[in-house]
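These notes concern the structure reproduced below.
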Amino acid sequence: MHFDEPVDTSLRILPLGGQRCSAAFRRHDNSHFSVVCPMEEASKLPLPDSFLQFLEENGLDPSIYTATESTPRYVRLKPGYEARIQEIEAEINCKLEKVDWLPGFYALPPEVQIANSKAYQEGKIYGIDAASGAAVSALNISVGDHVLDLCAAPGAKLCMMLDLLGDFGSVTGVDIARHRLAACRTMLQKYSLGDRCRLFVADGTAFALVPQRVDSVSSSFESTFEEKADIFGEWTNRRPYKERKRAAKVREGVALNQNPELIFYGQHSGIIGLSKSKLYKTISDTEASSSGYDKVLVDAECTHDGSIRHIQKFEHWGWKTLQRRVLDAERTDSLTFLQLKLLRNGFRLLKVGGTLVYSTCSLTVAQNEDIVEQFLSENASAELQEINESRNWPCKSGQIPKTLRFDPLTSQTSGLFVAKFTKLAS
């Protein structure tokens, strides 16, 4: 997908005068739109030797972790607010620069905070890195698609999917952390995007529910034989005391429940009027290939070493915490095992001809190219696809053809690996 924009609105971030500056932005025509920081050398993050060795082993340039001063913050404009750019700029007290390679995205200086602005609080803009937006864009979501976000929290990508979906189809969000998925629910309500969404607290490696391809209106009275209590009505966060108590026991491990916990569903998500037995019906892999999801995003849990701002936090958390969360071999091995299982299950739930995007915010080969190669070696029906949308993206190829890597130095974004698959008929 390619969108042409006028040259004078495109974004490039360059150091001015050979010096690094936290908000030195330059247009293609070499005119500067703002410089709001002193012209001084950016401070370098004091990375420990163990992390530097980790970077060397993975062929990563340590200088990407000193690029925070020149990497912008990104926001996505809620569709329908295009004519109100100047109003939004006044509310955040900063000029928005259109990102020429990603529709709907804008860049602003990294030190600008948006959380307390009227524009953010009223749901006119989303905070989301452009690389994450690229991963969603690679899915090429069409109106009417049924989409699965297998690791949905904290929700910015989920919201983008729903915006792209339009008035038909559905998005299913899954996450193993209930409190993080509850934050997704809050985002859906804030941005008024929950109509075609359903959220499940579940292990993404074992989630097995396919989309409901019948609109809730036509299925609202599907069976007169079902008990009324077994039929889903309109969603409400006000649940009977006994139901809340039972759910609390499940979360505490007092009771066992084999089914994912449904914590939200919209009016047209296919849930209303559905019986619980039909919602939680299991199907075979063959059935999933014909009635599964059109698009699946597996933005897998990882060491987050590609996120500069995340690595910066270890200055405050302590470098010993970095050793445990990022460098520990046992931790890394468990993550790569998890990533492969997530990818396998997401692909199992994909229908033939559908698209799956695998991404991580790690820059290591073990969590990216190695996972892709192992997955392809065991799945004859999986085919790696060219990401046609990426022709004008500021990224570089991964170590496997057709895969992509974003990083702060190359892309002026957070670090991200992206691979795109399709499912072939057996």
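Glycine is no exception: its Cβ is also placed from the backbone N, Cα and C atoms.
Since we're looking at a predicted model, the values are computed, not measured.
Under the heading active site, nucleophile, TrEMBL lists C361. The Cβ of C361 (active site, nucleophile) lies under 8 Å from the Cβ of A131, C302, H304, D305, G306, S307, H310, S414, G415, L416, F417, each of these being in the same chain and 6 or more residues away along the sequence.
Shown in sequence order, I176 are the residues of the chain, 6+ apart in sequence, with a C-beta less than 8 angstroms from the C-beta of D203 (S-adenosyl-L-methionine binding site). Residues or ranges marked as S-adenosyl-L-methionine binding site in TrEMBL: D175, D203, D299.
Annotation comment: TrEMBL describes 60-424 as domain 'SAM-dependent MTase RsmB/NOP-type'.
The Cβ of D299 (S-adenosyl-L-methionine binding site) lies under 8 Å from the Cβ of S132, A135, D149, L150, C151, K157, S359, T360, each of which sits 6+ residues away along the same chain. Sitting within 8 Å of the Cβ centre of D175, D203, D299, and not among those site residues for S-adenosyl-L-methionine, are the Cβ atoms of L150, C151, A152, A153, V174, I176, A177, A202, G204, E301, L342.
Counting only residues at least six positions away in the same chain, the Cβ atoms of C151, A152, A153, L181, C184, L199, V201, A202, G204 sit under 8 Å from the Cβ of D175 (S-adenosyl-L-methionine binding site).
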